[in-house]
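J.: Copied straight from Swiss-Prot:
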type	residues	note
BINDING	H83, H182	heme b b562 binding site
BINDING	H97, H196	heme b b566 binding site
BINDING	H201	ubiquinone binding site
TRANSMEM	33-53	transmembrane segment
TRANSMEM	77-98	transmembrane segment
TRANSMEM	113-133	transmembrane segment
TRANSMEM	178-198	transmembrane segment
TRANSMEM	226-246	transmembrane segment
TRANSMEM	288-308	transmembrane segment
TRANSMEM	320-340	transmembrane segment
TRANSMEM	347-367	transmembrane segment
Amino acid sequence: MTNMRKTHPLMKIVNNAFIDLPAPSNISSWWNFGSLLGICLILQILTGLFLAMHYTSDTITAFSSVTHICRDVNYGWIIRYMHANGASMFFICLFMHVGRGLYYGSYIFLETWNIGVILLFMTMATAFMGYVLPWGQMSFWGATVITNLLSAIPYIGTNLVEWIWGGFSVDKATLTRFFAFHFILPFIIAAIAMVHLLFLHETGSNNPTGISSDTDKIPFHPYYTIKDTLGALLLILVLMLLVLFAPDLLGDPDNYTPANPLNTPPHIKPEWYFLFAYAILRSIPNKLGGVLALVLSILILVFMPLLHMSKQRSMMFRPISQCLFWILAADLLTLTWIGGQPVEHPYIIIGQLASIMYFLLILVLMPMASTIENNLLKW
């Protein structure tokens, strides 16, 4: 009798994805982040579900309901902080996952890569709307500033903003719809993540060398299940250290002040994981130009396969490209730092230089380095 996991219609799907899946024998810990993202998503959906049971999406009671969750609901404080810091862990894993894809040339799998970029956009949208829900000062003003950017779109901009707001300012209608979208989007993300996996399993995983590993595969279980379990334990360790020892480390103190449309905070800034894009937005003195640069800073990932000039897939054996990749990583850290600083000298010029450097590295320097490396191979 054949094994049930190989014949049962449902178990067969799980088996082919997580048990008998042929995986390259040499994938490193950089390949752990996919499963960690899955864990983050499940964690966010579960904690979010319990928060939604006690949250009220009304401008008058939203802030109080979050306070009530932390003070009066059994273990409400830990659920709330796991959800808030879980988002930070989610984005750390996302950035690592995308960085891995860039370094090892995983973007050559076009469908998988493009669905991944869609997932990134959707996760960013979900996180933004979630940040609005506690209805603190930074929630309100963050929502006002970011939604207002759409008014830069010619002709339809103003109508579009008022349509999203559901009125003439960020108010009850906005909060209610943001809660509705924030609730539904993670389930859509989960569905698209399944499609992401489906396309990945059509081709099989990439590996650090960037060379086909068809001749050297090992079963996913037990080798990578145990490896992913270690990654998951480390993820939970870091998350719980944050939650239990420094729950507000990555938050903004302004969000402990209830939203007040009559009082603007001195420095409006988003959560840390959006600061790099926010810095790029602020570095351009024109509104429409800034919005375009903001969108392009993420959308540029779609063009990575077109910008791939190297004869090798991975950066493993390309020292010049490696150097530029780590300069890009440092540049993103610089932009993240600048995004959290006030708009004054010297931060303005640093932000502008870092923004120029970001696009220059991706669009010009890295393709040039690839071409140079191709020519060096001929020697």
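Positions of Cβ are set from backbone N, Cα and C atoms, glycine also.
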J.: Can you figure out which of H83, H97, H182 (the binding-site residues) comes closest in space to the residue listed as 'ubiquinone binding site', comparing Cα atoms?
T.: H97
J.: Of the stretches 113-133, 226-246, 288-308, 320-340, which racks up the most C-beta pairs under 8 Å with the transmembrane segment (77-98)?
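T.: The listed stretch sharing the most Cβ pairs with the transmembrane segment (77-98) is 226-246.
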J.: Let me know how many other Cβ atoms fall within 10 Å of the Cβ of H182 (heme b b562 binding site).
T.: 21
J.: Are there residues at least six beyond either end of the transmembrane segment (347-367) with Cβ under 8 Å to its Cβ atoms? List them, or say none.
T.: 279-280, 282-284, 293, 296-297, 300, 304, 307-309, 321, 324-325, 327-328, 331-332, 334-335, 338-339, 341
J.: I need to check the long-range neighbours of the transmembrane segment (33-53): which residues 6 or more away from its ends have a CB within less than 8 Å of a CB in the stretch?
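T.: Distant contacts of the transmembrane segment (33-53): 69, 79-80, 82-83, 86-87, 89-90, 93-94, 96-97, 100, 130, 182-183, 186-187, 189-190, 193, 228, 231-232, 235.
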J.: For H83 (heme b b562 binding site), just count the other CB atoms lying within 10 A of its CB, please.
T.: 21
J.: Given the transmembrane segment (288-308), which of the listed stretches 113-133, 226-246, 320-340 has the most Cβ pairs that are under 8 Å apart from it?
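T.: Highest pair count goes to 113-133.
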